[in-house]
Amino acid sequence: MNGAQWVVHALRAQGVNTVFGYPGGAIMPVYDALYDGGVEHLLCRHEQGAAMAAIGYARATGKTGVCIATSGPGATNLITGLADALLDSIPVVAITGQVSAPFIGTDAFQEVDVLGLSLACTKHSFLVQSLEELPRIMAEAFDVACSGRPGPVLVDIPKDIQLASGDLEPWFTTVENEVTFPHAEVEQARQMLAKAQKPMLYVGGGVGMAQAVPALREFLAATKMPATCTLKGLGAVEADYPYYLGMLGMHGTKAANFAVQECDLLIAVGARFDDRVTGKLNTFAPHASVIHMDIDPAEMNKLRQAHVALQGDLNALLPALQQPLNQ
């Protein structure tokens, strides 16, 4: 089995049955291997379209989207899609061909440092430097894309490694993503909720990404709390929920925006306080204490200082915050 065949084998092992791409010289061995079957390839007219299609596939299926491109202009055309996937927390694995290893750094035909270009718009980027590390890198790419806050990962594979043959062993890896449960902070948040007179729930796209919609709806059923959603959070709160105020922000409803400005406790769940929602940060929810719940520690206190920051799985945090109300 050569490297290109192993790439397709690794895709099948990850449960991938559809990829999006545009062929070119440096990735041609992988395209040859795709003829072996088991993975459907959908030809796009541009590599950016392939990246966007992979994003749409991931959104619609909950699986990791995969896009494929050649070296040079093929790889650079993926960048906009990778940046979109990073900002929207979409799991995508981008596989790019690269010039053969001896030619890297020589300004060879269609050689671009895609590893360097992609660092700012991916969770992680890999350059495969030997056939033997290909199984590990393919396994880690999918783990990194899906773990914690999801996002895009790029795997750059030189053409000579795609063509090299050898006996490769399967690699099984799982990224450790265990987060210590914030017991003290949860207790503090419970006390704030118990004292609040006008609490408000601010729901972002992280709820859906965490598959925490059922937990959120149970929390709302127990608290009868007014709720508003961001654009990406739409659908997390049922439209017929009696205390649902619609979308928040620049393009949101008057009711949602007025309510946030008057609340005394704002619970942000999987939301990031972006400018389309807040406008001027120093005038957003001016009377509110803030509880911020998110899987990504980088979002905590990034834009709005939280009185209590709860980092962790929303499926654990929401029931924990709700527990005293049940009792």
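Heads up, the Cβ atoms here are built off N, Cα and C, so glycines get one too.
Noted in Swiss-Prot for the protein shown:
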BINDING   ARG149, 251-272, 294-313  FAD binding site
Within a 10 Å radius of its Cβ, which of these binding-site residues (ARG149, HIS307) has the fewest neighbouring Cβ atoms?
HIS307
Select the most exposed residue of GLU262, ASP313, where exposure means the fewest other Cβ atoms within 10 Å, treating these as the binding-site residues.
GLU262
Would you mind pulling the DSSP three-state label for GLU262 (FAD binding site)?
helix
Within 10 Å, the Cβ with the most other Cβ atoms among the binding-site residues ALA256, ALA268, ILE295, ASN301 is that of ALA268
